[in-house]
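Record features (Swiss-Prot):
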SIGNAL    1-20  signal peptide
TOPO_DOM  21-490  topological domain 'Extracellular'
CARBOHYD  ASN49  N-linked glycosylation site
MOD_RES   LYS134  N6-succinyllysine
CARBOHYD  ASN313  N-linked glycosylation site
TRANSMEM  491-507  transmembrane segment
TOPO_DOM  508-527  topological domain 'Cytoplasmic'
Amino acid sequence: MLKNILLWSLQLSLLGMSLGGNVLIWPMEGSHWLNVKIIIDELLRKEHNVTVLVASGALFITPSVSPSLTFEIYPVPFGKEKIESVIKDFVLTWLENRPSPSTIWTFYKEMAKVIEEFHLVSRGICDGVLKNEKLMTKLQRGKFEVLLSDPVFPCGDIVALKLGIPFIYSLRFSPASTVEKHCGKVPFPPSYVPAILSELTDQMSFADRVRNFISYRMQDYMFETLWKQWDSYYSKALGRPTTLCETMGKAEIWLMRTYWDFEFPRPYLPNFEFVGGLHCKPAKPLPKEMEEFVQTSGEHGVVVFSLGSMVKNLTEEKANLIASALAQIPQKVLWRYKGKIPATLGSNTRLFDWIPQNDLLGHPKTRAFITHGGTNGIYEAIYHGIPMVGVPMFADQPDNIAHMKAKGAAVEVNMNTMTSADLLSAVRAVINEPFYKENAMRLSRIHHDQPVKPLDRAVFWIEFVMRHKGAKHLRVAAHDLSWFQYHSLDVIGFLLACMASAILLVIKCCLFVFQKIGKTXKKNKRD
């Protein structure tokens with residue numbers, strides 16, 4: 001009996017090993033990496049083998065030791081300070097030139113300089129792999145079954161095609177959804193689908209629709225001009241004429257890091273899966289000292305305040321303005337802040353270099369979340385049903401807060417123009433008016449009421465692609481059409497030609513008949 005049990009256990013063990021696949025991860029930075037790291041951990045839990053490509057100058061990826069996790073480090077001609085510099089320039093450029101109808105061209109010109117620096121770093125990362133024959137040979141022998149990448153960081157798709165394996169994208173957004181629209185072939189009707197970064201909702205006036213239409217066209221132009229240089233790189237790397245967009249279009253699955261608790265209803269394609277909030281989880285107990293501080297709040301509860309990891313500190317004037325507002329509320333405040341201690345800091349506010357944000361938002365005493373509007377933080381607030389005060393600064397943050405405002409779960413204040421009274425009023429509103437808490441809880445219920453959890457859905461589709469060597473049955477035929485075929489311009493041209501020919505024929509016939517009648521009438525008169 002014992003022998004049979006041991007044999008059965010051994011068979012199950014071997015079966016589990018045989019089911020484990022080999023996954024390759026293309027390097028990425030910032031929140032892009034933090035989200036993929038969650039997926040990696042789940043893949044490891046399910047006994048897959050994961051190899052992460054890591055540039056020697058990587059800023060966020062910290063190699064660790066694990067039996068099923070391998071970090072393949074390769075040299076690049078720059079250090080961590082270079083990536084940190086590009087990120088800093090990106091944030092500052094956006095803060096100083098936040099795009100609006102009046103500043104869009106200035107924003108475009110300044111951002112073009114930053115993106116050019118980003119391209120130089122990206123090319124260094126690409127060359128570090130593609131021109132490293134030893135590494136490429138090792139990857140060829142790795143028997144990988146799928147590659148996971150973020151399209152914001154180019155070349156993961158090139159590596160996948162060179163290895164002859166399918167690839168999957170993990171993506172939050174591209175400006176005005178240009179990548180999803182032109183490369184993924186997702187339709188984005190500007191009449192009711194607001195362009196990402198436009199800060200519009202799906203309820204648009206005529207003026208809003210004009211602005212939305214222009215936003216799409218402007219972002220299309222920016223993508224075409226700023227990313228066009230990659231077409232020649234991709235053609236050279238793959239040894240045939242191609243484009244960045246055409247190659248991106250070969251992705252089997254697009255894992256979109258949002259969901260319908262956040263998005264406005266819009267059309268999508270079957271190979272686009274929504275996995276927003278995949279990093280969210282139930283709250284864990286707080287550190288002892290932090291829990292004691294939270295408990296001193298009594299019935300008033302606490303407010304959590306974080307501007308994310310990208311903003312290291314604020315100007316002294318701005319920090320004092322914020323501290324002054326927070327000192328006037330009865331709630332205790334936990335503020336993630338590394339700068340100089342503000343002179344106006346109230347006794348109810350405590351500063352922390354780092355906070356367990358998810359655990360704090362899930363604490364029963366938390367009443368509000370003051371946030372910069374990053375997608376990860378917003379999803380943790382949605383998960384736990386916490387209303388927000390948005391202080392957006394750059395990238396998708398203003399757009400994210402616009403979504404939460406439209407859904408009644410947030411109030412926005414402008415970081416550049418806000419006064420202490422503005423911030424105080426916003427915090428009091430989300431805490432004291434039931435409207436915001438009710439809507440936050442409604443979004444939370446929607447988020448939790450899914451047939452499959454976001455993380456499980458993401459891993460399922462990765463395993464699906466491994467099992468079936470791709471997901472070609474979900475890929476629309478639009479990828480095989482030229483731009484004029486996609487918009488049916490050839491059909492419209494043909495039908496117009498037919499109509500013109502028919503009209504011309506009718507005119508010719510009428511002229512012929514009139515001529516005959518005229519000749520007959522003249523002949524009768526002569527007779």
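Any Cβ shown, glycine's included, is placed from N, Cα and C.
The residue listed as 'N6-succinyllysine' carries a helical DSSP state (H, G or I).
Recorded residues ASN49 (N-linked glycosylation site) and LYS134 (N6-succinyllysine) have their alpha carbons 21 Å apart, per Cα-Cα distance. A strand conformation is recorded for ASN49 (N-linked glycosylation site) in the three-state DSSP classification.
With respect to Cβ neighbours within 10 Å, the recorded positions ASN49, LYS134 differ, and LYS134 shows the lowest count.
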